[in-house]
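S.K.: Dropping a structure here in structure tokens format, bear with me for questions.
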Amino acid sequence: MMHVFEVYPKVNIFLKILHKEGAYHKLISRMCLVKDKLKDIISVKSALSFSLKGDFDCPLEENSLFKALQILKNFLKSKNFSHSAIKSLDTLAIEVEKNIPTQAGLGGGSADAGGLLYHLNHIFDWRLSLEELYSMGSLVGADTNFFISQHKSANATSYGEVIENFEEEPLENRLEIYAPNHVFCSTKAIYQAYKPETCFSQTKEWLKKPSLECLKTCDRSELNDLLKPALLTNQALRDIESELGKEWFFSGSGSAFFRLKNTQKGANETHCQQ
């Protein structure tokens, strides 16, 4: 068997930090899939032994695809799946054509892992429920469940792992991404530099707001609470951001920016109501 599938990045239309609970911050966000030039292509086939190939920037044990497979294997064991079903994961040859940059706020590693879990469930006809896939996805990484969901637009809550479809006109073909070369943002450093400015109470209002309205009425620092700490901790990012027009928005903890296609400088005229 040979299966090939494409994986697209996400952007955060808005990302609002609520409060810290345990080691991590609770948040609310709107994630949208972006089908533009950036995509990873993953091929999965049966082989004599396991292999995972791709231009990855981390050791195998830290790779999100490898992590997803270990979590999946343990899950199948806990559900008493047959020995042959579990063994089938040990003879997969997985190859990734990697184009989505990492440390860019685009969910690159999570996209690959989420896509793999979603597609393996179909390839092997395991009939795992979305909830079961989500329980594994949240162990891989906070953004993974958005990619498992296959939604084009969704609200993410809790630590980012609770996903709810958001019904709206999809923006997947209307957005373009700018991912600066050689500028990497450390999510950990940015969260450490984050300082809450006000007590955030507008959760429900944000989660109801259409993405297009957010982009047309707010500027990038109003939409993303991590922009300021990212600029504080990264000089290269600061240099790039200062040159960008108002139509550009910041995704995740960076370093990528995105905008509506065919928007000009100064396209955002009205002020965001927070």
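Cβ atoms are placed via backbone N, Cα and C, with glycine included.
Bear in mind that the values here come from a model prediction, so they are computed numbers and not experimental data.
So Swiss-Prot lists the following for this protein:
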{"type": "ACT_SITE", "residues": "K10", "note": "active site"}
{"type": "BINDING", "residues": "P101, T102, Q103, A104, G105, L106, G107, G108, G109, S110, A111", "note": "ATP binding site"}
{"type": "ACT_SITE", "residues": "D143", "note": "active site"}
S.K.: Hey, which of the binding-site residues P101, G105, G107, G109 is the loneliest by Cβ count within 10 Å?
M.R.: P101
S.K.: List the residues in the vicinity of the ATP site, defined as same-chain residues other than P101, T102, Q103, A104, G105, L106, G107, G108, G109, S110, A111 with C-beta within 8 angstroms of the site's C-beta centre.
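M.R.: The answer, listed by sequence position, is P9, I100, G252.
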S.K.: What count of other C-beta atoms do you get within 10 angstroms of the C-beta of Q103 (ATP binding site), across all chains shown?
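M.R.: Its Cβ shell of radius 10 Å holds 19 other Cβ atoms.
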S.K.: Sorted by position, what residues of the same chain at least six away from D143 (active site) have a C-beta under 8 A from it?
M.R.: K10, M31, G107, S110, A111, G114, A156, G160, G252
S.K.: Reduced to three states, what secondary structure does DSSP give G107 (ATP binding site)?
M.R.: coil
S.K.: Counting across all protein chains present, how many other Cβ atoms fall within 10 Å of the Cβ of A111 (ATP binding site)?
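M.R.: Step by step: centre on the Cβ of A111 (ATP binding site), count other Cβ atoms within 10 Å, giving 24.
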